[in-house]
Every structure is written in structure tokens, then in C-alpha cells.
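Listed in TrEMBL:
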COMPBIAS  15-24  compositional bias 'Basic and acidic residues'
COMPBIAS  34-46  compositional bias 'Gly residues'
COMPBIAS  101-115  compositional bias 'Low complexity'
COMPBIAS  116-126  compositional bias 'Gly residues'
DOMAIN    137-518  domain 'Major facilitator superfamily (MFS) profile'
REGION    1-74  region 'Disordered'
REGION    91-127  region 'Disordered'
TRANSMEM  173-196  transmembrane segment
TRANSMEM  203-220  transmembrane segment
TRANSMEM  226-250  transmembrane segment
TRANSMEM  262-284  transmembrane segment
TRANSMEM  290-312  transmembrane segment
TRANSMEM  333-357  transmembrane segment
TRANSMEM  369-392  transmembrane segment
TRANSMEM  404-423  transmembrane segment
TRANSMEM  429-450  transmembrane segment
TRANSMEM  462-482  transmembrane segment
TRANSMEM  494-513  transmembrane segment
Amino acid sequence: MWPDRMGPQDVGAGSRRDAPEPGKGDAGSSGWRVGQGTGGRGGGPPAAGVSQPVRRPMRGGLNRCRPAAEGGAAPREGLELRCLPGPSGAQCKGLHDASRPGGAPVPADAAAGGAPPDGGLTGERAGGADVSQRWTMLAVLFAARTSMAFQFQSVAALSPLVADRFGVGLADIGLLIGLYLLPGVFVAGPGSALALKVGEVRLVVVALLSMLAGGVLVLVTDSWTAAIVARVLSGAGGVIVNVILTKFVVDWFAGRGLSTALAVFITSWPVGIALASLVLPLIATWGGLMLAQGIIAGFVALCLLAFVAIYAPPPAAGAAAAEPGPEAAGRPPLPWVPISLAGMVWALYTAGLAMMFSFSPAWLTSEGWSLAAAGALTGAVMAAYSVMLPVGGAVADRIGARDGIIALSFVGYMVLMPLAIVAGGTMAVVPALLLLGGVFGLAAGPTMTLPGTVLDARNRTLGMGVFWTIYYAVMVIAPRVAGDLSDRSGSSAAALWLGVALIFVATLCLLGFRRSVASRA
């Protein structure tokens with residue numbers, strides 16, 4: 001504790017000692033002295049028997065209850081330190097936000113630059129980075145992930161030309177499409193562990209180079225075997241990009257706008273798919289398949305250069321990310337149960353989405369819709385889903401009801417999908433599916449925040465590796481199961497009913513996740 005060095009003249013009037021001795025009651029060169037006093041805020045004595053709070057403005061955000069040498073944490077700018085005089089010196093009563101009604105108290109971790117509670121003080125800086133810097137980094141990460149989605153969708157968008165070039169059928173084209181995601185089952189976990197050894201940023205650069213190498217290889221060869229190798233090479237790089245870049249978003253936005261940032265980041269996937277579906281066929285029609293494939297490689301190269309030139313890890317995450325491997329002292333063990341349940345929630349949510357978009361066109365055509373009309377309605381549902389992605393994240397950040405938004409979205413799917421199936425070939429299916437797409441999009445951002453509630457900067461890389469491994473495993477299995485069910489039942493509606501079942505299980509996993517987190521508290 002500080003020595004009792006201040007008299008009544010130092011309290012209330014806002015005066016300072018002319019030459020305080022370092023380390024003895026000195027609150028820092030840019031702060032105000034806080035100590036024992038008897039005067040009120042205006043300099044007058046308090047009422048008898050009443051301890052009058054001493055309120056001091058914080059200049060430069062560097063004042064603290066105790067000197068830094070004694071372990072004091074620096075509060076953020078705009079906060080006010082309140083102390084009560086005691087027999088052994090100033091007794092800190094915490095930091096308060098002077099700009100809020102009643103000077104609402106601020107938790108110590110938020111005052112020191114940590115994550116505020118939902119709906120709490122956000123401020124202009126997070127971990128030493130201002131708002132514009134965080135969103136600049138998000139734009140770079142968004143572009144890099146968009147290039148991954150663009151490359152993934154390129155085979156489907158150019159499938160007739162790819163089949164003609166290599167002399168293969170649609171079954172082989174399907175294999176080529178699936179090979180992009182298949183490495184995720186085997187690469188996501190080991191890749192996250194490797195990131196701790198070689199560095200996360202370095203590994204992302206290598207992953208983007210792998211994507212570029214795959215794009216160049218398929219550009220210069222007419223061999224089907226080489227095309228398969230190129231696809232696996234690109235997919236392996238894409239897996240690492242997906243895992244590590246998600247972790248980077250959590251690093252930059254942990255505690256401040258995380259749901260919004262993740263929702264925007266997730267939007268990069270449908271943006272990349274839509275961009276490839278719209279642009280690549282036009283380019284191929286105008287300049288041929290080789291030009292289109294050259295555009296794919298060029299887009300990846302451009303995003304690689306942007307990442308190398310612009311991206312940097314946030315200051316708050318730098319030290320933790322630089323620590324050695326999981327065997328190092330101080331690195332907490334992975335919370336296997338909650339992170340696995342979080343991975344299941346996200347994987348099942350995405351699988352339910354895949355059921356809706358992958359099998360809706362076939363189901364609608366079986367109900368009498370034309371292929372063009374079925375495709376147009378599916379595209380409109382995709383647009384509604386994409387528009388609501390950032391909305392769900394922003395609402396979750398503003399009101400703090402992340403689980404409530406996820407539950408609303410899941411229940412909406414389990415109610416609206418059966419209604420759409422029952423509506424069948426009638427026009428009632430249009431509003432049902434459009435509303436389903438919009439409601440279901442709300443859950444993406446809040447669902448992606450689940451890992452961040454049980455991981456910190458020291459184990460976040462490994463934890464996200466586990467999270468994405470579960471995702472890739474489910475996404476490899478679920479479409480195959482849906483296809484088999486559709487074949488056996490003779491109707492694509494079976495895949496849509498499977499989606500309802502998957503979302504029901506996802507709801508149970510969400511409940512299990514919260515119970516597991518509560519048991520660890």
C-alpha cells in the first residue's frame with residue numbers, strides 16, 4: 001500500500017505535490033495523486049462520520065491505484081479512479097466511466113484493456129490497436145478467405161469446360177470438388193500444432209503459396225492425375241488459411257465486436273462462391289478456360305501479396321502467440337469437451353445449411369418447378385442468408401444474447417423447413433424458404449464465438465485446430481449420408497429432413513456446451 005503522505009490540501013481541490021518521490025505515492029508522471037484526505041470534492045470537510053470519496057480525472061489513461069512496479073494495471077483513457085481514505089492510506093474502490101450516467105463501474109480487466117462484458121465499455125482501442133487498424137486487418141483476412149472460396153468454387157463454375165479438357169465425367173468432377181475439403185480432416189489439427197512451431201503468420205504465407213502452387217499446376221498441365229494433385233495441394237493450403245485466419249479474427253476482436261467481426265468474416269465464403277459462379281463463366285466464355293484459371297491463380301497471388309504487405313498480429317496477442325509449444329509452463333490444457341461441443345455445433349449448423357442449398361434445387365424440380373426457377377429461388381435464399389450474417393453478429397454484440405439468437409435461428413430452421421417441405425410445389429414454399437434463409441443466417445456469427453469463450457491466446461491456435469477438424473469431418477460425411485438417404489427413399493426431401501435432424505442435434509450440443517462451460521467455472 002501507499003504511504004500516508006497526503007494532507008487535506010491535496011484532496012478535493014485537484015492540487016498535486018510539487019515533487020513527489022518516485023515509488024512513494026506517485027501515481028505516474030501523467031496521472032493525478034490519490035491518497036488519504038478529509039476534504040470533499042470542493043475542498044470542504046465531509047459530514048461527520050462519513051468517508052468522502054476522492055475523485056480524480058485520468059490523464060492519458062496511465063493512472064492506477066498502485067504503481068506499476070507493485071503490479072498495478074493501467075486503466076484506459078476516460079476512466080476515473082475512486083478511492084476512500086483509510087487508516088493506512090487510499091483504499092481503491094475501482095475505476096468508473098465518468099462519461100456514463102452515474103459513473104458506472106468498470107471491471108478491472110476492461111479498464112486495463114481487456115475484454116469488457118456484453119454491452120459494456122467498448123472504447124476506441126483494443127489491446128493497443130485502434131478501430132481502423134482492426135477493421136483493416138479484418139479486410140485483409142476477408143480477402144484471403146474469399147480467395148479460398150473463389151478457388152473452391154472454380155471447378156463447379158467451370159465444370160463443363162474442365163470435363164472437356166481432361167476428358168472426364170460428372171462423377172470425376174464431383175470427386176475434384178470434394179478433394180478441396182478432404183485434407184481438412186487430416187491437416188487442420190496438425191496444422192495448428194505446426195503453427196506454434198514455425199509461427200502462425202509464416203504458416204499462413206506457406207498455405208497461400210500452396211494454394212497458388214495448386215492453381216499454377218492445374219494451369220500448366222493436361223494430366224488428370226496432376227489436376228488431382230493440384231486440387232489436394234490447393235485444398236491443404238485452404239484448410240490452413242481457414243483455421244489460422246479464424247483465430248486471427250478472434251485475436252483482433254476478442255471481447256469487442258467479435259460476433260460482428262466473425263459474421264463479416266464468414267460472409268467471405270458465400271461472397272467468394274458467388275463471385276466465382278458469376279465471373280468465371282463469363283471470363284471463360286470470352287477468353288477460354290486457360291484465362292479463367294489464370295484469373296484464379298492471379299486472385300490468390302494478389303491476396304497473398306496483400307497479406308504479406310499489410311497483416312500484423314495484434315499487440316495483445318503477440319506475446320502469447322510467441323510462446324513455445326503446449327508443453328511450456330503456463331500454457332493451459334485444451335478444454336477438450338467444450339471445444340469439441342462447440343465444433344459440433346458449428347459443423348452441424350453448416351451441414352444443415354449444406355442440406356438446404358445443395359438439395360433444395362433437386363427437391364423443387366421433383367415438385368414440378370423448372371430448373372431455372374428452382375435455381376433462382378435457391379439463389380434468393382442464399383442472398384437472404386448472406387445479408388443476415390452480419391446482422392446477426394451485430395445484434396449479438398449489441399444485446400449480448402448470443403445463445404438466444406442461436407436458439408432462435410435453430411428453432412426457425414426446425415419449424416420453417418418442415419413447412420416448406422409440406423408446401424411442396426405451391427407458391428407458399430417461396431416465403432417459407434426465404435424466411436428460413438434469413439433467420440438461419442443470424443446464428444453464424446454468434447456460433448463462431450463459442451470457441452473464444454473457452455480458449456485464450458495461449459491455447460487458441462490448437463483449440464481452433466480441433467474445432468475445424470470436427471467441422472471438416474462432419475462436412476465430408478453429411479453430404480454423402482444425405483445422398484444415400486435420398487437415393488433409398490427416392491426423394492431429395494429426405495436430405496432436407498436430415499438437415500432438420502442435424503439442427504436438432506446441434507441444439508443439444510449447444511446446451512451441452514453451456515453446461516460444460518458452467519461446470520468449469
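We count from 1, first residue shown onward.
Heads up, the Cβ atoms here are built off N, Cα and C, so glycines get one too.
What TrEMBL says about a protein is an automatic prediction, not a curated fact.
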Residues of the same chain, at least six outside the transmembrane segment (262-284), with any C-beta under 8 angstroms of its C-beta?
138, 141-143, 145-154, 156-158, 161, 245-246, 249-250, 253, 291-292, 295-296, 382, 385-386, 389-394, 444-445, 448-449
Intrachain residues whose Cβ lies under 8 Å of the transmembrane segment (333-357), provided they are six or more past its termini:
326, 378, 381-382, 385, 406, 410, 413, 417, 433, 436-437, 440, 443-444, 447-448, 450-451, 453-455, 459, 462-463, 466-471, 473-475, 478-479, 482, 495-496, 498-500, 502-503, 505-506, 509-510, 512-513, 516-517, 520
Between the transmembrane segment (173-196) and the stretches 203-220, 290-312, 404-423, work out which stretch tops the count of Cβ pairs under 8 Å.
203-220
For the transmembrane segment (462-482), could you work out the same-chain residues 6 or more beyond its ends whose Cβ comes under 8 Å from its Cβ atoms?
178, 181-182, 184-185, 188-193, 196, 239, 242-244, 246-247, 250, 326, 334-336, 339-340, 342-344, 346-348, 350-351, 354-355, 358-359, 451, 454-455, 494-495, 498-499, 502
With a Cβ cut-off under 8 Å, give me the same-chain residues at least six positions beyond the ends of the transmembrane segment (404-423) that come close to it.
345, 349, 352, 356, 363, 392, 395-396, 429, 432-433, 435-436, 439-443, 446-447, 493, 496-497, 499-500, 503-504, 506-507, 510
